[in-house]
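Below: the structure, in structure tokens.
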Amino acid sequence: MASAGKPALDDSRRGTGSPKMKARENAKDTLCRNVTIYGRCRYEDKGCAFNHDPLKVNSAYQFDSKKRFNVDSPSFTPSLLPSNGSSPTISSATMKKMATISPKAANAAPFQPRSVASRSNTSTPNSRQENINPDWTVAEVQEFVPQGFDVAHMTALQGNGNGTITPTNAFDPFVTASTPLSAGGAVGPVQPNPYSHDSAALGGAAFFPGSSGFQQPVQYHMYAPIGPHNQNTLGYQRNVHDLFLPNDFREELQKKAAATLQTLPNTQLPAQIDYFHSLVPLDLNHQKNATVFGFPSWVYKAQSSKDGNFYALRRLEGFRLTNEKAIRSVQAWKRVCNGSVVTIHDAFTSRSFQDSSLIFVTDYYPLSKTLAEQHLGTGQRFQGRHNVHIPEQVLWGYMTQIANALKAIHSNGLAARIIDASKILLTGKNRIRLNACAIMDVVQYDSQRTVADLQRQDLVNFGQLIVTLGANSPTVMHNPTKAMEHFTRAYSPQMKNSVFWLLNGLQKDQDRNIDIFITGISSQLMSTFDSALHLDDQLTSDLSRELENGRLVRLMTKLNLVNERPEYEHDRQWSENGERYFLKIFRDYVFHQVDAQGDAVVDLGHVLSCLNKLDAGSDEKITLVSRDEQSCFIVSYKELKKALESSFQALLKPARRMH
């Protein structure tokens with residue numbers, strides 16, 4: 001029986017035909033999907049039955065389109081059009097009318113598809129050519145095409161390529177696109193590219209976005225990395241400096257802030273000098289030294305009672321003012337505003353130190369050093385240690401900054417008169433400022449030397465300072481010949497010639513002023529200026545990381561202002577239900593986490609992560625459980641942010657009505 005029934009089963013299979021075998025037979029006319037996706041098929045020479053030539057498939061597709069559409073057939077004209085959204089009711093008279101062809105339909109021009117007409121040689125009669133409407137094409141939206149994919153497959157989607165759209169045919173971006181190998185050349189709606197600009201407003205202009213569009217507001221929780229980016233790191237690598245302020249810069253600012261706020265209790269200093277209080281001595285050497293000014297001088301940090309700022313007070317001990325015009329000369333120095341000169345704010349006499357003292361008020365730079373302390377070993381803890389040789393580029397930086405200071409001073413008809421390593425402040429990395437400039441104008445007010453002579457003396461003092469720094473010895477100018485020999489061996493000829501020109505500043509052989517000197521070192525000025533620009537870029541980049549760093553504090557402030565307000569317990573409009581109940585449970589989720597043993601979880605990372613997501617309004621959903629564990633809610637951070645903003649605005653409404 002089994003053998004007898006077997007042939008009948010085979011006959012039935014041969015009669016119906018196997019779909020798998022039919023697909024095998026048509027495999028040679030089907031384009032391999034590997035070619036469409038990857039551009040090539042690795043099994044092409046290993047028995048793959050599909051076609052690997054896109055041109056053959058395209059020609060077969062065009063031939064199939066020509067077979068399916070007959071251009072000589074009459075156009076179809078429906079005799080009854082349904083209304084919008086309603087199905088028509090067809091009567092017997094209407095059915096009879098539809099059974100016959102109207103004379104208008106018999107004389108109509110033959111139907112010709114647009115996609116076929118562009119590829120066939122058949123043309124419509126010339127008498128009907130003028131009445132044809134402009135060709136309708138789909139918006140040429142730039143789409144992703146895999147590598148190796150033949151662009152001929154997209155011809156059915158591009159229409160005739162004239163780039164025009166009939167206004168009555170609005171583009172619908174939500175209609176699913178038809179595949180190139182379906183519908184036999186019919187033009188279907190194309191799914192827009194989500195990465196193209198304003199795809200719904202494209203009028204055939206694929207590469208020109210619309211003029212109007214909604215601009216999203218700035219998201220302050222996102223920090224944009226501002227240049228410069230000089231680190232040789234890969235795209236996935238991150239440094240600590242990419243996330244926070246550089247440690248050395250942060251520590252330096254914190255130390256300066258601590259030094260500014262430092263106080264000295266139980267001190268023998270006066271409690272107040274004029275309008276200054278909280279004096280702290282800044283001198284490292286407690287021995288009296290009257291070498292520079294002719295009077296022992298001391299420096300203090302003090303706070304002003306007028307504006308609350310901190311200033312440096314330089315006191316000349318034992319000075320007696322004999323001429324009131326001498327102290328008025330400080331008024332001219334108040335007009336000197338230069339980045340390389342320490343600004344002078346005031347000068348007055350005082351007897352608060354139980355003597356007659358002259359006080360100069362200048363800007364205070366915390367943790368600053370003098371060039372003598374930095375390079376000449378003055379005040380060092382280990383006296384036997386040799387000083388480090390100053391690189392030439394650093395020395396050029398000092399020269400350009402001092403030249404900048406002298407340019408500003410001489411332009412105001414003044415002279416520095418004090419250019420000494422012990423009176424030049426180093427306030428930052430290779431950043432110096434000329435200090436104690438106005439003191440000699442008060443102390444030696446009766447001097448008979450002219451301003452021009454004093455300005456030339458500034459050039460000589462300038463040259464002696466550079467030689468002293470280059471030799472790393474404060475007493476090197478006692479033997480000028482030996483000092484210049486060492487300087488010539490250590491530095492370039494341009495540096496040597498510049499210093500020689502400064503040392504000969506008092507000679508009358510030629511006109512010597514600071515402008516001529518600046519012209520001679522103009523090439524080094526550009527190098528110093530470039531370094532200043534790089535520092536500005538770096539500081540701007542560091543500052544951008546600290547932008548809006550108080551946003552989490554504002555967020556926590558809003559949460560605490562909204563949650564658990566006892567005065568609104570019986571207010572129906574402010575009862576803790578709905579969105580305010582979510583915020584209350586969310587506060588417990590962020591700050592009141594417990595572990596499996598019931599101990600409090602102090603996780604700063606969890607708190608910052610939740611607050612950042614709340615500030616950003618993330619779509620991430622979290623599960624919130626009530627305190628009695630009887631209610632469970634699944635909400636997103638976006639919903640929580642919206643609830644927080646609405647609750648906070650509702651909290652402000654009574655205050656607005658009062659005002």
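Backbone N, Cα and C define each Cβ position, glycine as well.
Ranges compared are 26-55, 176-205, 236-265, 506-535, and Swiss-Prot records zinc finger for 26-55.
Among the candidates Arg314, Arg315, Arg320, Arg328, the residue that Swiss-Prot annotates alongside Asp363, Tyr364, Tyr365, Pro366, Leu367, Ser368, Lys369, Thr370, Ser422, Lys423 as binding ATP is Arg314. Taken residue by residue with DSSP, Ser368 (ATP binding site) is part of neither helix nor strand, so it is coil. Cβ environment of Lys423 (ATP binding site): Val292, Thr370, Leu434, Asn435, Ala436 lie under 8 Å away, each six or more residues apart in the same chain.
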